[in-house]
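Peer 1: Take this structure first; my questions come after.
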Amino acid sequence: MPHRYYTGEKVEMKIDGQVHELPVVVGTEGEKAIDIRTLRASTGYITLDSGYANTGSCISNITYLDGEKGILSYRGYDIADLAENCTFVEVAYLLDHGSLPTRDELSQFSQMLNDFAMIHEDMLRFFDGYPPKSPPMAILSSMVNSLCSFYPEMTDNPLENIDKMSARLLSKVRTIAAFSYKKSMGHPLVYPRHDLSYCANFLNMMFDSPVKPYEVNHKVVAALNKLLILHGDHEQNCSTSTVRMVGSARVNLYASVSAGISALWGPLHGGANEAVMEMLESIHQGGGNFRQFVERAKDPKDPFRLVGFGHRVYKTFDPRCRIIKQACDEVLDDLKVVDPLLDIAKELEEVALKDDYFIERSLYPNVDFYSGIIYRAIGIPTNMFTVMFALGRLPGWIAHWKEMWDDPAWRISRPRQIYVGPLSRPFVPMDQRGL
Ligand code: CMC
């Protein structure tokens with residue numbers, strides 16, 4: 001545990017008439033936490049915090065997020081500066097190495113991404129085993145877990161091999177994602193090319209075909225870089241916490257990331273980007289009556305939620321959403337795409353932001369609200385949206401897994417609970433249990 005974050009400040013907690021002192025931890029941006037590690041041993045009490053909304057699970061130096069002010073930075077760099085000036089590969093390097101790469105470091109890293117771009121040919125047969133219309137997230141999660149069988153040598157000394165292992169994962173997940181799309185279409189696979197950048201390579205593997213060669217469009221490449229950067233990391237969200245939790249049992253990186261992919265799949269998390277498009281599409285099909293959806297979202301008896309709205313941490317605009325909304329206008333303009341769903345989304349946002357229900361609960365559009373419209377404009381099919389999120393979040397998962405593995409304060413993640421089941425009772429043999 002880095003002692004410099006313990007300032008000597010303490011809080012007092014009175015339990016059963018006795019005062020207990022607990023140390024305070026202060027982060028570099030001034031966030032404060034009460035270190036309760038001695039609480040149970042000294043008082044017999046545990047804390048209860050379903051959904052962990054008030055619980056810090058670690059000390060981390062990767063990403064800073066202020067949900068009240070709408071600030072997000074990776075390794076100290078504001079997300080807007082990174083999205084404006086960097087490629088995704090630079091940001092992946094930043095997240096996983098802690099600093100922006102020099103020209104030489106970037107070229108070595110890009111070389112590694114090229115070297116690892118192929119997947120073992122035997123893995124291609126796995127794709128044939130999935131039934132048609134299999135969810136791409138299920139395929140992605142299983143394929144990433146399988147990487148451990150094909151590249152086991154890296155799992156013995158993970159920190160010694162972490163640079164290779166992360167480059168391998170970043171590169172192969174991109175290939176697996178594109179191949180899963182091609183398989184779902186029944187089209188021949190397109191192999192990675194060394195002459196293309198990370199994002200151009202992905203787009204080429206997705207859209208090149210023997211009958212219609214893909215022409216790399218630099219505006220599309222730039223839009224994809226921006227989207228992936230904005231998804232790069234988001235501190236202790238559900239999938240990242242999953243990666244850390246699974247990894248805390250000393251599970252290898254591939255299996256931990258595979259678990260993170262499964263967590264991301266959920267419609268309350270990364271799956272929301274697909275759900276937003278389905279919602280906007282059904283508003284469009286129904287003649288554009290979005291007010292009815294707003295009313296349903298407000299009805300406590302209706303489980304429906306306005307997808308792409310609300311966030312556990314942001315109580316103001318999600319800074320990623322602001323950038324994506326602006327990028328949405330630019331990309332559609334550049335590509336001369338007219339998408340009626342963009343107008344519906346903007347109207348829906350305007351109405352929701354003026355509505356007392358959303359104002360009182362501080363519900364604003366989140367990262368998933370506009371991202372699907374850009375993906376759609378650049379040709380990515382809806383069922384691949386969450387896969388795109390996974391591709392973007394991968395460097396964040398890797399950075400957190402590495403930080404967790406290397407943390408001197410590491411312990412296996414093992415929360416407690418308050419048991420409210422039956423009290424101890426005598427065992428009833430089968431013949432005495434009635435009919
Ligand atoms: N539509 C309508 N009401 C909502 C919404 C919404 N999208 N989100 C929250 N609320 C209400 C909720 O019903 C509750 O009302 P009340 O206090 O009357 O019971 C209040 O706002 C607080 O909600 P909560 O469920 O306690 O908030 P949470 O922090 O547990 O959940 C969330 C956060 C993101 C799961 C939730 O806002 C939600 O379901 N949003 C829609 C799904 C979505 O867009 N997910 C993507 C999140 S951003 C990207 C990512 O994390 O992957």
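Keep in mind that glycine also has a Cβ here, set from the backbone N, Cα and C atoms.
Any TrEMBL annotation is an automated prediction that lacks curation.
Per TrEMBL, the features are:
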{"type": "ACT_SITE", "residues": "His311", "note": "active site"}
{"type": "ACT_SITE", "residues": "Asp368", "note": "active site"}
Peer 1: Cα-Cα, whole number of Å: His311 (active site) versus Asp368 (active site)?
Peer 2: 11
Peer 1: I want to verify one value. Collapsing DSSP to three states, which class is His311 (active site)?
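Peer 2: SS state of His311 (active site) = coil.
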Peer 1: Using a Cβ cut-off under 8 Å and a sequence separation of 6 or more, which residues in the same chain sit near Asp368 (active site)?
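Peer 2: The list for Asp368 (active site) reads Gly270, Ala272, Asn273, Ala275, Val276, Val307, Gly308, given in order along the sequence.
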Peer 1: If you count Cβ atoms within 10 Å of the Cβ of His311 (active site), leaving out that atom itself, what do you get?
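Peer 2: Here the count is 20.
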